[in-house]
Amino acid sequence: MGTKHLIAAFWAPVCAFLAKSYRKRRALLIGSLLGSVGASLLMVLVPPVDKNRVHFPCNGSSGPTSTDALLGVTLPVNITSAQESASSHQAKSTAEVEMPGFRNPPGESDRETFRDLHVYLAPSVEGARTTSQALLHPVTSGLKDHPWEVTFEVVKTALPLLPGGKGPRNPANLSGTKGKAWAFDLSLEALRRTFILSLGSVAFWELLTAPLEQVADDSLYEFLDFVDATDRYRRLWVWRLLGMSAGVCGITALVGQLDCFLMTSGPRGVVHFYGYSVVSTLALLVSIAFPIPICQQWEPSYKRVKALSIVGGDPRLILLASTIVLVGAIVSTVQNFLFWHMKDHGSGELVMGFSVALSLLGEILLHPFKTTLLRKLSRTGLVGLGLSCLAGQLLYYSFLWSWWSVLPIQILSAISNRALWWAVEASVEDLATPRMERALSALFRGHFYGSGCSLGSFVGGFVVMRFSLAVLYQACCVALLLWLALLLSIQRRLPQERKIKYSKLLSMEVSDTSDSEQGTEQDWLVKAMREEHSD
């Protein structure tokens, strides 16, 4: 994810500039969409680390028999086994596992003792006993003869199970005896191969899709500017949010119905990639008729550099850019790990999609209060409110207790995301020089925010490996509150200069002239506009 954000932050602006300079925007849109279809299908070919993994909903029965099975939960357990010898790779142990939500026959308790459970553990030089964090997977053979007996294969995982507390505190113990492979179909070599293939596929995918959004956005804005309808551009964001809400709910609903039929030769979740390829194909058809104006003038290549110099010359913009980098780093931890965290507490993919839809719909409902919030709280106050809500969300995430517990807090995303960017856009519009507003806004959303997401992904991954996800979210909460206190203290000491906007000055001059000359200067314009409207 860190590589993905890094490519998007610096590769997309370069491609967008070259496509505009050489008038190849439509070719870039079509090529990007066509390539993204192939790249998404390429991800399906990446072999899973554990090819023998079987999930509850795909056990060949008529349907799941419990709520946890319906949500596709993989239950983490701790298994302690006695090491038979220093050179042995296998050990048999007796495990007592509590499985909430698993139905038992009448007369038996919910606590089942599974004996003769085969556990494959790598030898450890730490001592005579080995404690391992493993995953339970049902083996469906024999279900017809003994419907109430299920054999579970315990497979060692090389990935951290989130959150911490559910087993060993960190996965650093995976190294074990140096130079020996794990003997349970999850060797370090298989893990390394899968990681390299996944990283290469994601990087290739992002190289193809990173310029897509910016090129389409710039083309649409310039087209509306050409027809004097830029006011409509400001109302298009709502359709983007509605489309995202429908997409996350729709694909997660399809995953629950189709994933078991399409995962025979690929990893779990292939429906996501197939769905992406279908939507990209539909967008490819739309891109043929997408409005792309022909550039009449050459855009200076130093516009991004000029925008960067504007930020460097204004301490308020420097402070705002630092805030955006920090926000990007912290938001990336939510994007990367929250679904994993929810799954550890029993959430299914439909619940995950619904949580995203709630935050997006909250942003839509908050929009009518945009002007009121900016007027009552000011830009600095709105930034502080957004950071405070984000800190509260992170603290809440670290104490999740159930599969549904994440849903109530998602409504705060409307303030921590949408209201925060309202303040940023208002500040950029007020502090930018003429005709540099869009360049500055792209710099904040692309370079600063994207760089923060990349940095946060790298650092967040290391923190989760060494500690736990709860610790990561709590540390991010503390960092946000400390930065908020520093931001407010520095903001008060900065000079409050207000730049004169030429549009406002022109409107004031026209108003003064019309008052002194009894409106004769603007009568001809009003009449001409009325005649044009009547025609």
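Along the chain as shown, the residues are counted starting at 1.
Cβ coordinates come from backbone N, Cα and C, glycine included.
Now, the feature entries from TrEMBL:
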COMPBIAS  84-93  compositional bias 'Polar residues'
DOMAIN    5-475  domain 'Major facilitator superfamily associated'
REGION    84-109  region 'Disordered'
TRANSMEM  26-46  transmembrane segment
TRANSMEM  237-258  transmembrane segment
TRANSMEM  273-296  transmembrane segment
TRANSMEM  317-338  transmembrane segment
TRANSMEM  350-369  transmembrane segment
TRANSMEM  381-399  transmembrane segment
TRANSMEM  471-490  transmembrane segment
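Segment contact is absent for the transmembrane segment (350-369) and the transmembrane segment (471-490), given fewer than three CB pairs below 8 angstroms at sequence separation of 6 or more.
The transmembrane segment (317-338) is not in contact with the transmembrane segment (26-46), judged by fewer than 3 CB-CB distances under 8 Å for residue pairs 6 or more apart in sequence.
Beyond its flanks by at least six residues, the transmembrane segment (273-296) meets 20, 23, 25-26, 29-30, 33-34, 36-37, 40-41, 43-44, 216, 219-220, 222-223, 226, 247, 250-251, 254, 262 of its own chain at Cβ-Cβ distances under 8 Å.
Beyond the ends of the transmembrane segment (26-46), by six or more residues, the same chain brings 15, 19, 194, 197-198, 201-202, 204-205, 208-209, 211-212, 215-216, 266-267, 270, 273-274, 276-277, 280-281, 283-284, 287-288, 290, 292 to within a C-beta distance below 8 angstroms of the stretch. Confidence annotation: the domain 'Major facilitator superfamily associated' (5-475) carries a mean pLDDT of 75 in the model.
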